[in-house]
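**Student:** Can you read through this structure? Questions will come right after.
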Amino acid sequence: MTEVVKIYQLVENLSLEVVYGDEESLNRTIKTGEISRPGLELTGYFNYYSHDRLQLFGSKEITFAERMMPEERLLVMRRLCAKDTPAFIVSRGLEIPEELITAAKENGVSVLRSPISTSRLLGELSSYLDGRLAVRTSVHGVLVDVYGLGVLIQGDSGIGKSETALELIKRGHRLIADDRVDVYQQDELTVVGEPPKILQHLIEIRGIGIIDVMNLFGASAVRGFMQVQLVVYLEAWEKDKKYDRLGSDDAMVEIANVDVPQIRIPVKTGRNVAIIIEVAAMNFRAKTMGYDATKTFEERLTRLIEENSGE
């Protein structure tokens, strides 16, 4: 599933100024996250013109255009306006050539402007569009922000995922999505999760029903999206099954083509799963900062064995 981005949504989310744009042009669809800077095209070379991309004008493009004759400038600007060109965006709050506005009006293409630098604007455009246009898949589970770490709680139906998430919310953590989490790959190492719009801020608790977390706990108890950094899989305790007691098993699970660390927590009466997840999140963060309690224990054990063997 891929979302659609309209020009007016880009304007609202990136606080862009609309220099020209009517209802039809602001409803044009952006189909790719790639951004084009039409430098060669201003010289008249259109062989490889990416007409279906947003066209970004920085100080180099504007300065070059200003040195052209008005008739030549208008001709080039008209050639830049294709049927599927989403919009023109000018950075640094630069003055926009009248010929660009004229050509845009003739072809129903919006002209937008931003006060920020070209490189920064390019980064913001790419980041926003890559996130919105990324292919999304859905996974079953509950995504919670635990101490700033995106923890995806998974497990069999009825194991207590939502109840555990509710306990975490009561302890000051934040809900991103319950039951169904829409995930997408942001880059090679990053997967992001968010709720479907219809389930935003909602959590289902058996015996109570649907709860609006933001209404009950406030805006600080929810957030719109989060990187999935750790997967916690809840499973029913089995008496004869051997569980990892040292934390030396580095299991991974693939989500949206990204490998994410996973830990499995056996659930049984008397275990406070919410607190265990809190500790798991803190321990995971400690590992990413270079401290591994398991390795420390193994080193101590090795030293003790060596000392005893030398006596």
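Note that Cβ sites are derived from N, Cα and C of the backbone, with glycine treated the same way.
The shown structure was predicted, so the numbers you read here are calculated from the model rather than taken from an experiment.
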**Student:** Which range is it, out of 20-25, 50-55, 266-271, that shows up in Swiss-Prot as region 'Important for the catalytic mechanism of dephosphorylation'?
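**Tutor:** Of the candidate stretches, Swiss-Prot labels 266-271 as region 'Important for the catalytic mechanism of dephosphorylation'.
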**Student:** Sort out for me which one of G155, G158, G160 has the most neighbouring CB atoms within 10 A, since those are the binding-site residues we care about.
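**Tutor:** Of G155, G158, G160, the one with the most crowded Cβ is G155.
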**Student:** Tell me whether S162 (ATP binding site) sits in a helix, a strand or coil according to DSSP.
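**Tutor:** Looking at the DSSP assignment, S162 (ATP binding site) belongs to a helix.
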**Student:** So if I exclude everything within five residues of the ends of the region 'Important for the catalytic mechanism of dephosphorylation' (266-271), which remaining residues of that chain have a CB under 8 angstroms from its CBs? That is, six or more out.
**Tutor:** 155, 159-160, 234-238, 241, 243
**Student:** In the same chain, outside G155, D156, S157, G158, I159, G160, K161, S162, whose C-beta lies within 8 angstroms of the Cβ mean position for the ATP site?
**Tutor:** L234
**Student:** Between D156 (ATP binding site) and H140 (active site), what is the CA-CA distance rounded to a whole number of Å?
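**Tutor:** Answer for this pair: 10 Å between alpha carbons.
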**Student:** Counting other Cβ atoms within 10 Å, pick out the least crowded of the recorded positions H140, K161.
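**Tutor:** Minimum Cβ neighbour count within 10 Å, taken over the recorded positions H140, K161, occurs at H140.
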**Student:** Report, as a single number, how many Cβ atoms besides its own are within 10 Å of the Cβ of I159 (ATP binding site).
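**Tutor:** Result for I159 (ATP binding site): 18 other Cβ atoms within 10 Å.
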